[in-house]
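According to TrEMBL, the protein carries these features:
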- A:ARG48, A:ARG54: NADP(+) binding site (BINDING)
- A:ARG125, A:SER126, A:SER127, A:ASN237, A:ALA238, A:GLY281, A:LYS296, A:PRO297, A:THR298, A:SER299, A:SER300, A:ARG322: FMN binding site (BINDING)
Protein chains: 4
Amino acid sequence: MSWNSFGRVLRFTTWGESHGPAIGAVVDGCPPGIALTEGDIQPWLDRRRPGTSRFTTQRREPDAVRILSGVFEGRTTGTPISLMIENVDQRSKDYSEVAKAYRPGHADYAYDAKYGFRDHRGGGRSSARETASRVAAGAVARLVIPQVRVRAWVEAIGGDAIDPAAFDPAEIDRNPFFCPDPMAARRWEVLVDTARKAGSSLGAVVACEATGVPAGWGAPLYAKLDAELAAACMGINAVKGVEIGDGFAAAALSGEQNADPMRPGTDAPEFLANHAGGIAGGIATGQPIRLRVAFKPTSSILTPVETITRDGAAAEIATRGRHDPCVGIRGVPVVEAMVALVLADQALLHRAQCG
Amino acid sequence: MSWNSFGRVLRFTTWGESHGPAIGAVVDGCPPGIALTEGDIQPWLDRRRPGTSRFTTQRREPDAVRILSGVFEGRTTGTPISLMIENVDQRSKDYSEVAKAYRPGHADYAYDAKYGFRDHRGGGRSSARETASRVAAGAVARLVIPQVRVRAWVEAIGGDAIDPAAFDPAEIDRNPFFCPDPMAARRWEVLVDTARKAGSSLGAVVACEATGVPAGWGAPLYAKLDAELAAACMGINAVKGVEIGDGFAAAALSGEQNADPMRPGTDAPEFLANHAGGIAGGIATGQPIRLRVAFKPTSSILTPVETITRDGAAAEIATRGRHDPCVGIRGVPVVEAMVALVLADQALLHRAQCG
Amino acid sequence: MSWNSFGRVLRFTTWGESHGPAIGAVVDGCPPGIALTEGDIQPWLDRRRPGTSRFTTQRREPDAVRILSGVFEGRTTGTPISLMIENVDQRSKDYSEVAKAYRPGHADYAYDAKYGFRDHRGGGRSSARETASRVAAGAVARLVIPQVRVRAWVEAIGGDAIDPAAFDPAEIDRNPFFCPDPMAARRWEVLVDTARKAGSSLGAVVACEATGVPAGWGAPLYAKLDAELAAACMGINAVKGVEIGDGFAAAALSGEQNADPMRPGTDAPEFLANHAGGIAGGIATGQPIRLRVAFKPTSSILTPVETITRDGAAAEIATRGRHDPCVGIRGVPVVEAMVALVLADQALLHRAQCG
Amino acid sequence: MSWNSFGRVLRFTTWGESHGPAIGAVVDGCPPGIALTEGDIQPWLDRRRPGTSRFTTQRREPDAVRILSGVFEGRTTGTPISLMIENVDQRSKDYSEVAKAYRPGHADYAYDAKYGFRDHRGGGRSSARETASRVAAGAVARLVIPQVRVRAWVEAIGGDAIDPAAFDPAEIDRNPFFCPDPMAARRWEVLVDTARKAGSSLGAVVACEATGVPAGWGAPLYAKLDAELAAACMGINAVKGVEIGDGFAAAALSGEQNADPMRPGTDAPEFLANHAGGIAGGIATGQPIRLRVAFKPTSSILTPVETITRDGAAAEIATRGRHDPCVGIRGVPVVEAMVALVLADQALLHRAQCG
């Protein structure tokens, strides 16, 4: 099956392939009366845009978004918001070899197994290019919940992690790695450059924090806030793991070590720890929501890898063309977008039932 | 919002609280003509049943399931299957203190923040007791996809992991820990006993493998197989992390290290590795599906923890009563059930679109 | 496919067969804090209950509802409300002939064609008995929107209509036909008695009005209020037509005749007519919602009808046993329930998007 | 709420306003491998296109559809199909008066009541222009179920009905009224011309038949085939009534008169009548599906009607501009499209559960 919609009441549907004429998203259920222009969306797309540094793919896409519906005189009308981004820099010739042999780690074989054939140009629908639609939709979601701030960054590349003590949010947008630790950013420059020149690639861990989420958002039991976030992030290209709060580290703790004690506070309880990542029983506690997302290294590498052709013959494939040496870097704005979309949906869901 | 249904075409809805008269699940969309009796469900419930060893809660529940609809002359009719499990061993007196003060790490505060009040008896709806309904529904799901085998086990407790070299599937059901490594099982006996006697608790990591999943199942882009599995598992009580395949370890690898090369095989391609955990582009590759789930330590501990009362006053709470010292152990059959439910749903979804 | 859930955010799922141990509904998404006991539901079930007069089936069912979850200390908790009604007066022997030959007009043949076999006892899942679950769920829905009053009645039986001038709402519950015109009620007594004694049956038209629905409810374009009402009512057993406002009569009018002019009013506009039945563009206008529903005559008749057996052989079937001579009569509380469920769902949906 | 998606597994989402840059639909869940080009869609759009005769609105729209995704080398890939139709002949000046005063019978007041403001240009989102998106999506749906033929026609205009004995399907596309009775078509020419010149409008009844639907499609109990068709048709602009089979006429019959007896047939049972319109228990019986849809007269008329302004002041409004004198005429391809979409969705749903 294909299932290209996400969300319960604030729903979005994306469409489009890497090398088709355009990609886009339809955002439905957005509250009316919100000021919205292309200018509110474009900056977020620009953060995800390829070709901005030598550490990302060299495909040059302006990623200019157009709003085709749902906005009148600068405000949302409550009707579906159609967002379209034209594809400009497709080069189909780069992908001729891919039509014949499956690139291991990519969706090539799986799509063929499922659908019988596939649009092989640039990965078609399975290309990370689709995530531009998510970022555009996420920009709308942010406006639905202006009280919430969603911010992600890269926490580790190829196993080299930031120093938590050096965390400086102001640094995140000052380097091409969304890295909050300037020392780590310098190390990563060498690391990623080396991988890039060798035609290799690296995995990464992206962390995300959402502040301003009020206690009560979350839809137990089968649309729990943490379950929705896990689905939203695990569905991003190349993601293989999601943690809420302490995640796997919590599995090695005792109950005493993992406790998040509470004290009376001024407006809300004061929490003395946040091992839980701001979610209990699938419902926000009012603390910052914290999660971590593991991106595998880009599967496109220059080293030839054993594979098979569409006809089942043995082959070797080395993926030339334009690729991100570390797809996790541009995953930062995508994680943010998905988290914003989940939170905005949960905000409306909460209002539906609890007023 | 509440959202107590899961699944796209094979859907189930659960209901019931820890201390109400009963809990249950309605499974809808099950194919007709499948042989089904209570005897097909009960063994799976018995694996999850409390009170079977000193390492789980001492609440004594027979967890006897009744099929109230959807089966005629021993076969499913294609209409909704209503499953009910009566609660027998509720002891509401145990929970009087909980009504007043919030147990940190539990859903108490979050439910109050969301709904204004809550059924505090035994955690009410947020109790792990609800997972019995999932296990019952999962037993039906298994019958929908008889070609698939879903098997989970505990991989680590309190940070003490099994030796992968000692992995013996036959051991899993021979000890009270679902532990595939007999040496580890012996160590955990001491570990969990110590925690239990101290009124403490421990986290755990559960691993799961599904074999027999054909290439092609999975619904890109927003019901990807891995995203559905992540949502299904992250929604289980006490779960804080989910990994597919190598998960977070993949984030520290290079593209070469993480490659899953392919060779021509007899019926299907032969894969030389399975870093991806059997899923590419959100679609099954035909390899075993592999995932890992992190359970935090049970939040109920005897050590007093700072907290607040419903009225916002400072308090301390020590959670007496009957609790699992390591909730991850009984998480094993629940993880299996959720994985089976996702796979059965994806099987039907795949058939819907791709015949 | 089976699809046994209805609603977008206030959702209910029903289960159960005519001759199984019980039937029931799970209502999910109900707001918390609403006072709810079995006593709030039972009176509505009693209106639909069989065996209360000689004009309905003689099956004797107490239709006593039990609330199994979702209510604590007399108030809804926001978690799923499980409602169960035990079947008491099944007589499976009555239906032995039905197992072999298809009753024309019933779902027998269609269920076999779909599922390969069926629970033939009393119609199994396709029995009108299932509508008791809807009435129970509808009673909950009424409490969600206390400002709304939903009231239905029978407008015609076997082509014999009430006199609109004689409409007296107080009469509706004073006769066994939910007839607002006492003269018509007397005529129908003869009419239905004659049909009943002859083993025949009659069709009916049920009208419904909902007052107190605020302007703005409705979810364009594919969950329009009128579309949801049409689906809700067309899905009731034996229903073959639904009209909103003037319905088919409007198709014979000119634009001038069909206009609903507006004037300034005190709190809301004053409408000078209501041809539209209170809905424009799929959204409530604040006027009374008006709809009409056509029930076909019960398909169970004593006159032998040509049919085929399960093996495809020619046969004749005369449906003995206990049946409603005019199923439309007991359709009145069912129409009310479905309308209440749609309106409560739309109320919550409206709040989700528009605050 | 807005809810702009329809369908369970074959789902489509539409977007766009009458006077925005474009309108469109995203069709998701379409099976892969189906030959599809713009040429398969355009003829159906041309049937609905305005300005083709003096009996429809004089707005001139080429309604040229573009496929933006989901098709590769002429075949569907199984990924979402994005369809876009540019708006060409908007004339916003025509609608200046509408911004101030509400047109009775239109969605103006209801949209303002719901969303606080609205895109008033040409009715914005509530314009019948949106139905072009449905027709485009419906063209795709037809290809999903090539064994099914869906055909609609106008059965009555302003109360003047066709002669059933004169029904000739070949006539339907030979006159501007989709009228299967040439004599009626001639009468309607006068009728509609008179209304048009007087600035008046007329209602209409559209009938639809789907042949080739196999016994078994339909998803009881809450996505019954008839309920889905009712929702699909009642959601079309200006529709106020839907009947399946004999509809309201069945409510005046006895059980004997309404029986659909069966006899053994060659491949399938032979039915001796089709009062039920090919659906029993919400499931197709294999007979032709038959339904009727009532369209109210266009609410836009030249005769001034009492109304109120946005500020609540008394006003009169006469709707100038370009309008269909009988909106039911162009409803024919829209009804066909919605019926095709429901049937294709049910076909896939049936396959999901029943193989």
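Cβ from N, Cα, C; glycine included.
No curator has checked TrEMBL annotations; they are predicted automatically.
Distance noted between the C-alpha atoms of A:THR298 (FMN binding site) and A:ARG54 (NADP(+) binding site) is 15 Å. Counting in whole angstrom, A:ARG54 (NADP(+) binding site) lies 20 from A:SER127 (FMN binding site) by their C-alpha atoms.
For the pair formed by A:ARG125 (FMN binding site) and A:ARG48 (NADP(+) binding site), distance between Cα atoms is given as 18 Å, rounded to the nearest Å. Rounded to the nearest whole angstrom, the C-alpha distance between A:ARG48 (NADP(+) binding site) and A:SER127 (FMN binding site) is 14.
For the binding-site residues shown (A:ARG48, A:ARG125, A:LYS296), fewest C-beta neighbours within 10 angstroms: A:ARG48.
With a threshold of 8 Å between Cβ atoms, the binding-site residues A:ARG125, A:SER127, A:SER300 that neighbour chain D are A:ARG125.
With every protein chain in view, the residue among the binding-site residues A:SER127, A:THR298, A:SER300 whose Cβ has the most Cβ partners within 10 Å turns out to be A:THR298. When the C-beta distance to chain B is held to under 8 angstroms, none of the binding-site residues A:ARG48, A:ARG54, A:SER127, A:ALA238 remains. Counted over every protein chain shown, other Cβ atoms within 10 Å are most numerous around A:ALA238 among the binding-site residues A:ARG54, A:ALA238.
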